[in-house]
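Working notes for the structure below.
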Amino acid sequence: VSTGADGTVCFWQWDLESLKFSPRPLKFTEKPRPGVQMLCSSFSVGGMFLATGSTDHVIRMYFLGFEAPEKIAELESHTDKVDSIQFCNNGDRFLSGSRDGTARIWRFEQLEWRSILLDMATRISGDLSSEEERFMKPKVTMIAWNQNDSIVVTAVNDHVLKVWNSYTGQLLHNLMGHADEVFVLETHPFDSRIMLSAGHDGSIFIWDITKGTKMKHYFNMIEGQGHGAVFDCKFSQDGQHFACTDSHGHLLIFGFGCSKPYEKIPDQMFFHTDYRPLIRDSNNYVLDEQTQQAPHLMPPPFLVDVDGNPHPTKYQRLVPGRENSADEHLIPQLGYVATSDGEVIEQIISLQTNDNDERSPESSILDGMIRQLQQQQDQRMGADQDTIPRGLSNGEETPRRGFRRLSLDIQSPPNIGLRRSGQVEGVRQMHQNAPRSQIATERDLQAWKRRVVVPEVPLGIFRKLEDFRLEKGEEERNLYIIGRKRKTLQLSHKETSCDQSEGSGSSEEDEWRSDRKSESYSESSSDSSSRYSDWTADAGINLQPPL
């Protein structure tokens, strides 16, 4: 499922035969008024329920237990945008957080979603509020469940973490220590007592949420640059390590044991394609602006430092797709490229390889035709730009000079190259200094598709996880279907009771009218009685006859 700022929720169907997603999703447009955006979503553990939050204060619930997803509820308890939603780890409850200063714990009961209110203005008895807190409107910035779902934690914009009993809604602890807003809350994978928090103040805390105490604190100080705001953190599956990323592009790894294996890795590790601009084609698909290829189908990049200098071959094998490459294939080809101001610099322009010798004549002819067509297109679309080098038509993999290309009415920045010296930002300025990669052949693409980016989950663990998900999914499906049947029976019983009461009322009315008809028939000689009979037919049964 995907949600977007266009106010839509899209369900994408996975085809087990083709191993591809269907290009046409089932779309729900949730836009009761202009400007409504979907902000967050969360699946239940069994995958049968989906909850979404949006800027119109509404939580929308979907059920996936039938042939197609169905929207089953709209919950309107919040009074401001709902930007945090998370289902519990084991059950049908979910937690929602809003900018209105409240969070709610929702539970599915008798085909209705009922909630427990968590008010961020609640205080533990004995706590005194400061003058600033009295005038500050509380807002929920992040939410989380602990491992066994007995506790929920909410981060508030006053930098305080509040710990709540998830069954009663009682406030248990206030955790203080952060000096800025917290946007990271992570629970330990198997210890329900431990919670991690991190925020824009650069602080990372490990808490014992059952006691309300701090276990460990780390401050992300960067020499000469102040502190780095922490944007995300994740625990390892065994709970022995956790990794964080910060605003300066650093990856921080914490854990038990020795750090010597990590010391063998260079401190600065960038791909030479980092920060390259993207465009969209006529189908709205994302393409690399310079190579006109889908980013995931581009050749494996090279590892470089912050100034764009390539690392030795032993580090290049760390890149997925280059693990088994020969040394000569791991040495980037350097070339001299003129910048926009006329300076000649050295940059990575391609890979030294003998693939040309291994290609069949048919492949070479086809590749040559493709290059020639691309060259002609570039010449037509960028006649007023730098000329495309002739080397492309001679079978070279990359141009020897930079050029600019116009595509889809989007102006590409000049292809300058990586500076080896004198450029402080280096790779971080790649939107102005992006080297062109070699153009991948069909053979290359097939090889790179088989590269392993993330190892597969062991079969035994996968089966255990899948069995658990299927079991929970069946429980959720039965919970909803049984509840709906009960509600249908209740409604049908009420309708039957109403029909019976209406039937008895109509029989009494018939008796009343038959009596009146006989009375009017017996007095038909009287004009007043005939007028009375006509009047009762028009006026109804509850009116009294005129005197």
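Glycine is no exception: its Cβ is also placed from the backbone N, Cα and C atoms.
As written in TrEMBL, here are the features:
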REPEAT    75-109  repeat 'WD'
REPEAT    140-174  repeat 'WD'
REPEAT    175-217  repeat 'WD'
REGION    380-402  region 'Disordered'
REGION    491-547  region 'Disordered'
COMPBIAS  521-534  compositional bias 'Low complexity'
Within the predicted model, mean pLDDT of the repeat 'WD' (175-217): 96
Chain residues in Cβ proximity to the repeat 'WD' (75-109) (below 8 Å; excluding those fewer than six residues from its ends, i.e. six or more beyond): 39-45, 49, 51-61, 115-121, 137-145, 147-149, 152, 154, 156, 164, 166, 169, 472, 476, 479-480, 483
Residue numbers, six or more beyond the limits of the repeat 'WD' (140-174), whose CB comes under 8 Å of its CB atoms: 84-86, 88-91, 93, 95-99, 101-103, 105, 116-118, 120, 122-124, 127, 133, 180-193, 195, 197, 199, 201, 207, 209-212
DSSP-assigned states of the repeat 'WD' (140-174) in counts, ordered helix, strand, coil: 0 helix, 21 strand, 14 coil
